[in-house]
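The following features are taken from TrEMBL:
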type     : residues : note
TRANSMEM : 239-261  : transmembrane segment
TRANSMEM : 303-329  : transmembrane segment
TRANSMEM : 335-355  : transmembrane segment
TRANSMEM : 376-396  : transmembrane segment
TRANSMEM : 408-431  : transmembrane segment
TRANSMEM : 462-486  : transmembrane segment
TRANSMEM : 492-519  : transmembrane segment
TRANSMEM : 531-550  : transmembrane segment
TRANSMEM : 562-590  : transmembrane segment
Amino acid sequence: GDLLKVKVNKLTSIKTQLPYSYYSLPFCPPKKIVDSTENLGEVLRGDRIENSPYVFKMRDPQMCTVLCRITLDAKTAKQFKEKIDDEYRVNMILDNLPLVVPIRRSDQDSSTVYQLGYHVGLKGQYSGSKEDRYFIHNHLAFSVKYHRDPQTDSARIVGFQVKPYSIKHEYEGKWNEKSRLTTCDPHNKRTVVSSNTPQEVEAKKEIIFTYDVEYQESDVKWASRWDAYLLMNDDQIHWFSIVNSLMIVLFLSGMVAMIMLRTLYRDISRYNELETQEEAQEETGWKLVHGDVFRPPSNSDLLCVYVGTGVQFLGMVLVTMIFAVFGFLSPSNRGGLMTAMLLLWVFMGIFAGYASARLYKMFKGAEWKKLAFRTACMFPGIVFAIFFVLNAIIWGQKSSGAVPFGTMFALVLMWFGISVPLVFLGGYIGFKKPAIEDPVKTNKIPRQIPEQAWYMNPTFSILIGGILPFGAVFIELFFILTSIWLNQFYYIFGFLFLVFIILLITCAEITIVLCYFQLCSEDYLWWWRSYLTSGSSALYLFLYATFYFFTKLEITKLVSGLLYFGYMLIASYAFFVLTGTIGFYACFWFTRLIYSSVK
């Protein structure tokens, strides 16, 4: 008999990607609309959680309860039609569980899949006519599943489902609060079981909203009530894809390791022998450029900034993943992932400052404050600019996905209040430490680089280098894109962690191999090239996102397309910084290793 309050969340659509708040449509409002407090992640996702007029009593079924009756005018009818046209769904929450519509699969084992939220309405034609009509789902048959505790006889809610129907309700005489519906009357055992006489959406039509609630006892324990939401698709695809990319990567790693060991071991021993035979003038390959290999690159400040940012990003992703693998960021904690990532990003600023300052000092730089400022502002500045433009576009669409001014201010405050000072602190610590020593001395006069073969052309080798890291992650990428853009839960963080480790290894190895070939052909400009080699996988990521847009998504509106590409651009930029830094550090370690082993 306890009261159960249903809350309403945003209206979402896969077709437009623009969320709206529930009461932007003229649904039945409660006496006073109260907004629930949302966390940072929820606000950024566009969640707007409000109270609703639906009130249930625990284990007390209701039939044909009338919510309210509204009469449409031209404006409200148009609003409903637009939302039905764009296939908007209504999301509700009961006891922190999202509302789902169970759909029987017609194929093989007739299993049930759950779709988040019910459609506002549907488009259809009357038999014999050609023109499209719009029908609204105005009768909701809710079903609340509960798990009973045998000792105390109290129950916990473990499921919240709905079957929406469209029905033109009828009643006798004039409408008042006590009118009984003839189309849905519990006393005459008349219930709504189909949408055979649907309720059309037109101006001057009246719509009566009704609902049923039934309660079903369930064997699902409260702790595992989320399983139904998460086990939507087959795990086998994942296992298969992981094993597949693992095999490829292991094979690559084996090959890479073999090449490295044999070449390096043979080369080093041969070079050391050569010197004993006084034939040192016949040296070839990477040994020749030892006097130039640690010459600071052009635009070395910018390289320091990017490496610092990459370290910050790597730290954020690693810690977030570890949290997620241990189950701290389950989907039942709405917006938790987003909040955690933002906070971690801000606090990882100290590592960014440290890494960039260490490298800067090695390049004999002197103005560390200027560098720290650039590290603190460059990447976040670009991302914030894109985000700001996208937000203005969403705001123009009156969508709830637009981040309010207050939240925007909080983000800027986090950036300049926590992140920037931490970057400066890291920079200060890093700059105070003694500079990293080069294993070999650098010549005064730069050596001439001989003519390179076509396949050693920087552009070509950089583009080749990005293929393997992208290949290692791209199947998991498909699932991540699906969960972001098709409103599904992503929860397979164990898999994701594996894939991430594979990505790290692949980036490092491919960069080392290409760097070795480059040094062997006496081209010593490896600093930027090592960063770009693995970083170019971001280009493939963006191309794949474009391919995904045209094959899997049904987005037709310009605004939604801009949103998609804007966010994917930010993601690709972040991916570039992350993979580039891994490649750079791998190469940095590798060159120091081989040049210190050759005397």
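For all residues, glycine too, the Cβ spot is worked out from N, Cα and C.
In terms of C-beta pairs under 8 Å, the stretch of 335-355, 408-431, 492-519, 531-550, 562-590 lying closest in packing to the transmembrane segment (303-329) is 335-355. Counted over residue pairs 6 or more apart, the CB atoms of the transmembrane segment (239-261) and the transmembrane segment (462-486) come under 8 Å in at least three pairs, which marks the two as touching.
Contact counts against the transmembrane segment (531-550), taken as Cβ pairs under 8 Å, peak for 562-590 among the stretches 408-431, 462-486, 492-519, 562-590. Highest Cβ pair count under 8 Å relative to the transmembrane segment (335-355), across stretches 376-396, 408-431, 462-486: 408-431. Ranked by Cβ pairs under 8 Å to the transmembrane segment (376-396), the stretches 462-486, 492-519, 562-590 are led by 562-590.
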